[in-house]
Amino acid sequence: MGHCFSLPSSQSEIHEDNEHGDGNVVCYGEEFGLDQDLPVHRLGSVCSIQGTKVLNQDHAVLYQGYGTRDTELCGVFDGHGKNGHMVSKMVRNRLPSVLLALKEELNQESNVCEEEASKWEKACFTAFRLIDRELNLQVFNCSFSGSTGVVAITQGDDLVIANLGDSRAVLGTMTEDGEIKAVQLTSDLTPDVPSEAERIRMCKGRVFAMKTEPSSQRVWLPNQNIPGLAMSRAFGDFRLKDHGVIAVPEISQHRITSKDQFLVLATDGVWDMLSNDEVVSLIWSSGKKQASAAKMVAEAAEAAWKKRLKYTKVDDITVICLFLQNKEQPS
């Protein structure tokens with residue numbers, strides 16, 4: 001089962017329910033009919049395919065006209081644990097409104113000379129913390145349930161990325177030779193990263209790999225062999241928050257140039273099967289079909305899972321593709 005959407009849409013308000021997507025994916029957009037000289041939206045698509053588990057624990061949002069006409073928000077969230085689907089859904093539903101409210105506060109309070117990207121960065125740090133705090137107040141148990149989160153905001157030529165966990169943002173950009181290449185904009189924040197493992201151990205958490213998966217380090221409680229979390233930063237997972245797992249995002253900024261063609265956000269259901277270069281090349285070789293780009297990547301990842309694991313396991317797969325140059329032309 002999969003859900004795939006493309007923008008533009010006709011909705012302009014932020015909602016915290018599911019009216020814009022059947023469960024796992026929501027898309028928002030605006031149709032302004034503005035003057036030809038005003039900025040126009042970038043085009044994007046999003047697709048989520050359920051794996052072999054009972055529930056698809058991935059959620060995603062693609063928001064066009066996010067606060068201002070020239071701003072887009074993308075986010076993918078990969079839940080884990082018993083209630084991971086509820087964690088990722090709650091984060092997906094709440095984060096856009098919380099983040100935008102914080103940004104608008106900064107617009108009113110901050111120095112007029114402060115760059116927009118810097119204000120988005122500050123808003124992301126605070127929003128992630130507040131959302132994690134809200135999760136701790138939910139009726140569903142988040143002790144050993146949580147979610148990754150990678151969020152991208154584009155405003156004009158500014159790109160801000162905030163990341164928790166092992167979902168990933170990758171840029172497709174042109175080389176001097178006219179070839180497309182992949183540039184990874186996020187780090188996979190897992191216990192395999194020495195600095196992440198060190199923080200966890202300093203907080204009395206344990207980091208080691210299971211015998212059945214010797215190449216994958218996991219996080220464990222000090223005196224119990226649970227839960228074996230495969231990431232070092234996440235929303236939720238509150239039993240591990242005293243032991244080094246944090247909800248502090250790693251944030252980066254990028255200035256979009258004419259060489260930058262598209263941005264891909266995806267959960268590890270994609271990256272566990274396809275390399276950055278494979279994903280970028282697939283989109284580019286397809287003729288940059290904006291409306292179907294995310295679906296194309298998701299289906300390629302699904303096929304790779306089925307081929308490699310003989311249909312015994314397929315992870316949930318969620319992809320957003322935002323094209324940075326080819327924009328919607330006003331009517």
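Quick reminder: no glycine exception, Cβ is built from N, Cα and C everywhere.
Swiss-Prot lists ASP78, ASP315 as Mn(2+) 2-binding residues, and of the candidates ASP70, ASP268, ASP277 the one it assigns to that same site is ASP268. Annotation note: GLY79 (Mn(2+) 1 binding site) sits in a strand segment as assigned by DSSP. Counting every protein chain shown, the Cβ of ASP268 (Mn(2+) 2 binding site) has 23 other Cβ atoms within 10 Å. Taken residue by residue with DSSP, ASP315 (Mn(2+) 2 binding site) is part of neither helix nor strand, so it is coil.
Around ASP78 (Mn(2+) 2 binding site), the same-chain residues six or more apart in sequence whose CB sits under 8 Å from its CB are GLN57, ASP58, GLY84, SER88, SER147, THR148, GLY165, ASP166, SER167, THR267, ASP268, GLY269, ASP316, THR318, listed in sequence order. A mean pLDDT of 96 is what the model gives for the domain 'PPM-type phosphatase' (43-324). Cα of ASP315 (Mn(2+) 2 binding site) to Cα of GLY79 (Mn(2+) 1 binding site): a span of 11 Å.
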